[in-house]
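**Student:** Per Swiss-Prot, the features are:
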- 170: N-linked glycosylation site (CARBOHYD)
- 183: N-linked glycosylation site (CARBOHYD)
- 191: N-linked glycosylation site (CARBOHYD)
- 241: N-linked glycosylation site (CARBOHYD)
- 290: N-linked glycosylation site (CARBOHYD)
- 360: N-linked glycosylation site (CARBOHYD)
- 378: N-linked glycosylation site (CARBOHYD)
- 501: N-linked glycosylation site (CARBOHYD)
- 545: N-linked glycosylation site (CARBOHYD)
- 656: N-linked glycosylation site (CARBOHYD)
- 680: N-linked glycosylation site (CARBOHYD)
- 728: N-linked glycosylation site (CARBOHYD)
- 20-70: region 'N-cap' (REGION)
- 95-118: repeat 'LRR 2' (REPEAT)
- 219-242: repeat 'LRR 7' (REPEAT)
- 292-316: repeat 'LRR 10' (REPEAT)
- 340-364: repeat 'LRR 12' (REPEAT)
- 365-388: repeat 'LRR 13' (REPEAT)
- 411-434: repeat 'LRR 15' (REPEAT)
- 436-458: repeat 'LRR 16' (REPEAT)
- 459-482: repeat 'LRR 17' (REPEAT)
- 484-506: repeat 'LRR 18' (REPEAT)
- 507-531: repeat 'LRR 19' (REPEAT)
- 673-696: repeat 'LRR 24' (REPEAT)
- 723-741: repeat 'LRR 26' (REPEAT)
- 816-845: topological domain 'Cytoplasmic' (TOPO_DOM)
- 795-815: transmembrane segment (TRANSMEM)
């Protein structure tokens, strides 16, 4: 027997070592590590110290039965394991396991093996956040002794409706079920374990009506069903069996069928209620005021109205969110709640609150997050806010607060956004001495004074928005040198002067730089070439005196470039590289002194403009993940007017070269930029014809070629541009008949004035019989009769979301990016045939 037992332990050790050797140890594999109570854990490589010279039952993460010596527990959570988890893993030789935890590792691309269902004695199984993928096998439902099952992951795990029902039916001993973010796409059956204490099913595509039996589970402590918009929840009108035990109820973004019933008053143990985005309406439900043990109450993103009650019974409150509702009245209740000594978060943004913030508020020494943005609050910001010792985030933006920004007592500030108010005075020194400040947004106020070089001491700063104030002086030289985490810099629309003398250091993180609307002089700083992540550069409306900085084209991420309204001059020369400005979506060089021909090589490099993204489900914004605190600002001219665009859609593509001294012909290569929405070449000295290739600009909405020397006829093919909303061809030398078509028939006289040779609607000079323009359909028929070679028009309707934009807006906010696209182009021979038939002895365009 001794030999048999020895062999058994040797085999057991070999199985464990073989399992260890399947994976590498990588600290990044357990980056985000939490225990089941959502407390952050420290990861460490448990298997690193396993070796064959020691007893495997003493190894970290392993627990053996004292009698049999069998491994009964294997806890490898947060063990930094990385690699493929194979279905023939030696792990499955440990047939006596009762607890198995492999959570918070990285098994990317691995399927959950059906062999997990062979651990018949298993009571705890946790495979969470380890990047498993595919379908959860039905064999998991064979683990009839399970008390805890956690398989939550963001890596496209799914569980078919049948398997979900089977799992709930067979696992009758379950205490905790966590399938967070697993695609279930099913209703919830009513036959599930009566022992459940924790039921976590958020983001699981649940639908139908939640069985009322869930609320009568006598041991239920935590119910999490959030983010299932197709799930309908009806709360019992009578007392729940779980009333005494239920501590956390998360039903955010589900469909609440009826009003909150009086039965809520009996939830005496409830600590946290998340009921945002549930279409709640009317006044804040009165049954909630009896929840005297509540610590977290989130009712935001609903349609609640009326004043905010005093809430004096919530003495244990830590987190309160009523934002994005229709609440009105003042904030007087803050003066009456002196017992809120534990309050940490107060979120009342986006309501209709009015009046000043009460000045006699006390007892909020633990308040760390205060959100009152987008209301109608006024008056000065009271001193108690600046005196909060634990303040981390302050958002009072988009109100009408006035007065000075006082010095902050807190040393732990992460975000301060006071933009869009009427604040004045200098930037307080206490803001410039923060060790953890990441977002500082003070734009659109009346802040004055100089920008101190102390701002460079903010080592963690990611967004600095001081635009649209009265700041003067020079830009601190250190801004581009010492703030290595700074992503977005907006100093636009101030009174800053001098040269841009900052040196942008190698390895910086800038994504957006806007210095628009100042009095800056000198040249475009060459060190900008070090901003390799830059997406937006706006130096417009200054007094820069330089030639075109062609080297900016090497910034491979650049999407928006505005150099408008400066003193830039000379021809735009480009190198032989075809990789310059490839991702550019907005190019604004207007109101300068550029001369020579239009930059044909640069226009030919604009690869992003050469395609229409018809498959994007939702529009993306240039400001990506930081949009919550900051949006880019740039001013562009489109449809004849200047606009400050607060958000630039990823699908918006604009070229503005107006008000320069460009001459020569319009390059036909512009017709390859099929994604172009706005083209403005007005007020130059351009000549020649309008290229027929413009017919390919199928999503073009605004075309301005006015005040040039363009001659010839308007190409009849332009009548196919069904999205064209604004057209200005005035003050040129155009002749012939104006094309007829749905869009062209909507343009008035001003689109064509100053062209004495033009005829046809809407002008008073009509086209005679001899001048009648042949439509594209007629041309096709005639060419077929003559058997002439041609490429026929083929309109491919791909569908569209919002159609034409309402009003004059540069951002054209559309919630679908699918548009009609016309892919066929006439070749030169066809062009010759068409123009000859339209007007004998005329030149080709």
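Just so it is clear, glycine is given a Cβ too, placed from its N, Cα and C backbone atoms.
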**Student:** Kindly report the helix/strand/coil residue split of the repeat 'LRR 17' (459-482) according to DSSP, in that order.
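**Tutor:** Summed over the repeat 'LRR 17' (459-482), the classes give 4 helix, 7 strand, 13 coil.
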**Student:** Top stretch among 340-364, 411-434, 723-741 for CB pairs under 8 A with the repeat 'LRR 10' (292-316)?
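**Tutor:** By Cβ pairs under 8 Å, 340-364 leads among 340-364, 411-434, 723-741.
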**Student:** Around the Cβ of residue 728 (N-linked glycosylation site), how many other Cβ atoms lie within 10 Å? Please give the count over every shown protein chain.
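**Tutor:** Result for residue 728 (N-linked glycosylation site): 20 neighbouring Cβ atoms inside 10 Å.
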**Student:** Give the nonlocal contacts of the repeat 'LRR 18' (484-506) in its own chain as ranges (CB under 8 Å, at least six residues past its ends).
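**Tutor:** Those are 438, 443, 451, 459-478, 512-525, 527-528, 530-531, 538-539, 623, 626, 630, 632-633, in sequence order.
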**Student:** Within its own chain, what residues at least 6 apart in sequence put their Cβ under 8 Å from the Cβ of residue 545 (N-linked glycosylation site), listed in sequence order?
**Tutor:** 521, 522, 523, 566, 567, 568, 569
**Student:** What subset of the glycosylation sites 191, 656, 728 lies within 10 angstroms of residue 680 (N-linked glycosylation site), using C-alpha positions?
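**Tutor:** Checking Cα-Cα distances against residue 680 (N-linked glycosylation site), the glycosylation sites within 10 Å turn out to be 656, 728.
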**Student:** Across all protein chains in the structure, which of the glycosylation sites 241, 378, 501, 656 has the highest Cβ count within 10 Å?
**Tutor:** 656
**Student:** Output, ordered by sequence, the same-chain residues six or more apart from residue 360 (N-linked glycosylation site) with a CB under 8 Å from its CB, or 'none'.
**Tutor:** 335
**Student:** Including all protein chains shown, what's the count of other C-beta atoms within 10 A of the C-beta of residue 290 (N-linked glycosylation site)?
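**Tutor:** Its Cβ shell of radius 10 Å holds 15 other Cβ atoms.
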**Student:** Residue list, the repeat 'LRR 2' (95-118) vs rest of chain: Cβ under 8 Å, 6 or more residues beyond ends.
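**Tutor:** Beyond its ends, the repeat 'LRR 2' (95-118) has Cβ neighbours at 23, 26, 28-30, 32-34, 41, 43, 63, 65, 68, 70-87, 89, 124-143, 150-151, 155, 157.
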**Student:** Measuring CA to CA, name the entry from the glycosylation sites 183, 191, 290, 378, 728 that ends up nearest residue 170 (N-linked glycosylation site).
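**Tutor:** Going through 183, 191, 290, 378, 728 one by one, the Cα closest to that of residue 170 (N-linked glycosylation site) is 191.
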**Student:** Other Cβ atoms within 10 Å is the metric here; tell me which of the glycosylation sites 170, 183, 191, 680 scores highest.
**Tutor:** 680
**Student:** Taking just the CA atoms, what is the gap between residue 191 (N-linked glycosylation site) and residue 728 (N-linked glycosylation site) in Å?
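**Tutor:** Each residue's Cα considered, residue 191 (N-linked glycosylation site) and residue 728 (N-linked glycosylation site) end up 69 Å apart.
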